[in-house]
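Novice: This is the structure, below, for whatever I ask next.
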Amino acid sequence: MDTFITRNFQTTIIQKAKNTMAEFSEDPELQPAMLFNICVHLEVCYVISDMNFLDEEGKTYTALEGQGKEQNLRPQYEVIEGMPRNIAWMVQRSLAQEHGIETPRYLADLFDYKTKRFIEVGITKGLADDYFWKKKEKLGNSMELMIFSYNQDYSLSNEHSLDEEGKGRVLSRLTELQAELSLKNLWQVLIGEEDIEKGIDFKLGQTISKLRDISVPAGFSNFEGMRSYIDNIDPKGAIERNLARMSPLVSVTPKKLKWEDLRPIGPHIYSHELPEVPYNAFLLMSDELGLANMTEGKSKKPKTLAKECLEKYSTLRDQTDPILIMKSEKANENFLWKLWRDCVNTISNEETSNELQKTNYAKWATGDGLTYQKIMKEVAIDDETMYQEEPKIPNKCRVAAWVQTEMNLLSTLTSKRALDLPEIGPDVAPVEHVGSERRKYFVNEINYCKASTVMMKYVLFHTSLLNESNASMGKYKVIPITNRVVNEKGESFDILYGLAVKGQSHLRGDTDVVTVVTFEFSSTDPRVDSGKWPKYTVFRIGSLFVSGREKSVYLYCRVNGTNKIQMKWGMEARRCLLQSMQQMEAIVDQESSIQGYDMTKACFKGDRVNSPKTFSIGTQEGKLVKGSFGKALRVIFTKCLMHYVFGNAQLEGFSAESRRLLLLIQALKDRKGPWVFDLEGMYSGIEECISNNPWVIQSAYWFNEWLGFEKEGSKVLESIDEIMDE
């Protein structure tokens, strides 16, 4: 943590933070988390002060607006935080006396010369609103409050006290610090600022003690008697006693479960009367087309990267006469095409900014002005035209072949790798050597898997999107969808998959939605599988020669939306690696414990004694298909990625409900003779979650296939048992 603080904060800020701790007899070496919190708090105060200025007439200027007028400007905010305590009190009293206002009881962080108000600044790991009211209760109206959270929300007592750019700067800095801390596994060590406030110990007086004794529930004479009862109470058996009282009201007949009682789940997924489940992932996956540009491997700004790729493929960039191939139900194809041309022009120009003009078609695409208006409950009751919206129940869909195709393509090996993993230090102990060897085998298999390229695209895009959403709340921004890959020869390529447009993003809550319009390149003709693309408007924008063959290039356009929770999950998509690797490592560990030596190499490649391990990874023409250990690893990794990409409430519910059914099947396989009641109720709970989520529907399809194989296997075992009995 000490190294992290030194690298991320200016020396003057660190020194002031240490001086502050010294005043309270705190040791920075013993309390590095406290030192970090004070440094962050100080830096935020300086960011706010450095961004806002006043002229001699009292007119406000941002740092950008004040360029060239520095001689006539002075800071709008006086920074009190960081001064020695006695000097800080003297400054606070002087400012209050000078401006004819009351001196607050508590020491403030800033003073606003424009509003003549003292300001308290707070940083929290929790919800900004919660911490705001905690501070408000303590400080009352003696000063203004500015609360910022690492969760990317904020709460201000005066909304006009800080402009959007100032809020964006603070929130972007907090995002950056959180990402750095998480990368170095220091985030969990950190405590919130609200956790380090000192309490005051005091003895209860006679009056308060009497009030406490009077306030105990009926049945207790005083507080100490109630405390003694709670300390000695035995909670065991309480649930059983309550259930026993309810038994006359409950009528349950347990039934021993047999294989014949189990049926396939979600029979509607086979109905041809229902539409095929449409593609609804945020970005294209196996259908993506990347415009590649060889590079030296140096880091670039996303706009520069996108500009260079578009310059190389100028025929696609300069296309002005597209052919409309497919149109979504609510789309305006003319507006979408105009917006695409604006995006290309913004990326291609010489300016450093990637801001879009707020044209009428940009406003249409981003839904500007279409948000719900909040009104008071009292107004709604009096207004007869106000009514509760009917809940939107998702339409049922049937299984589609494209989900299995996506799965197959994403789990294949390619000639390029995009996976960006941190380097690890040299091995010290023998167990570390085993871990390094195992990591090498696992990463080599995953590195060139198509799914890892898609995963990194999601990580990079959501990181850029969250940063732009925080830094430019009221602006429309063009965000390139990019990646960087390395081929087998070690050559680096910048890849441009398309462009996205971010609408206004005043995201105060985690579930507040920001509109994102995506424009992605593809060589897939949407008419081949039209049921897959009802959410997209598709243009043909030209062709490319690949390996001597001409391929049409299509532009897939979609108006979409996301929120901070989904963006943060997108940034953390690398976690898909952990799930798959841990699952396969458990198998290696089990084999190693049986054989008595490390079986990593044997599982992947085999050795003199053992042949390489194989697993059932799918079906073909009604028969199980076997695959290598590496293939199984890639399949599980791809499933983890799909679980993230298509994750929603349906998938959460399906995973939780179907787990019970899986446990019953496992008990039948182990011949434990499970008993059940209300089996149909459990099926109903599972099928309620099978609506229009592609991954849920495909999982139900695979489950039914697997159940069929298990039933066949059980019949074989039963016939063997009968022969043995005879």
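We number each residue from 1, going along the chain as drawn.
Just so you know, glycine gets a Cβ as well, placed from its N, Cα and C.
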Novice: Need a hand: Swiss-Prot gives D109, E120, V121 for Mn(2+) 1, which of H41, H268, H272 is also on that list?
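Specialist: For Mn(2+) 1, Swiss-Prot names D109, E120, V121; of H41, H268, H272, the listed one is H41.
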Novice: Among 125-140, 301-316, 429-444, 589-604, indicate the range for which Swiss-Prot gives the feature motif 'Nuclear localization signal 1 (NLS1)'.
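Specialist: Feature motif 'Nuclear localization signal 1 (NLS1)' in Swiss-Prot: residues 125-140.
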Novice: Roughly how many Å lie between the Cα atoms of H41 (Mn(2+) 1 binding site) and E81 (Mn(2+) 2 binding site), rounded to a whole value?
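Specialist: With distance taken Cα to Cα, E81 (Mn(2+) 2 binding site) is 9 Å from H41 (Mn(2+) 1 binding site).
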Novice: Reduced to three states, what secondary structure does DSSP give E81 (Mn(2+) 2 binding site)?
Specialist: coil
Novice: Quick one: which residues besides H41, D109, E120, V121 have a Cβ within 8 Å of the Mn(2+) 1 site's Cβ centroid, in sequence order?
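Specialist: My list of surrounding residues reads V44, C45, E81, A108, L110, I119, G122, I123, M146.
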Novice: Where DSSP helix means H, G or I and strand means E or B, what are the helix, strand and coil counts for the motif 'Nuclear localization signal 1 (NLS1)' (125-140)?
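Specialist: Across the motif 'Nuclear localization signal 1 (NLS1)' (125-140), the residues distribute as 12 helix, 0 strand, 4 coil.
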Novice: Would you mind reading off the Cα separation of E120 (Mn(2+) 1 binding site) from E81 (Mn(2+) 2 binding site), to the nearest angstrom?
Specialist: 9
Novice: I want to check the contact list for E81 (Mn(2+) 2 binding site): same chain, sequence separation of six or more, C-beta distance under 8 angstroms. What comes out?
Specialist: H41, L42, C45, A88, D109, L110, V121
Novice: DSSP three-state call for V121 (Mn(2+) 1 binding site): helix, strand or coil?
Specialist: strand
Novice: Which whole-number mean pLDDT does the model give the motif 'Nuclear localization signal 1 (NLS1)' (125-140)?
Specialist: 88
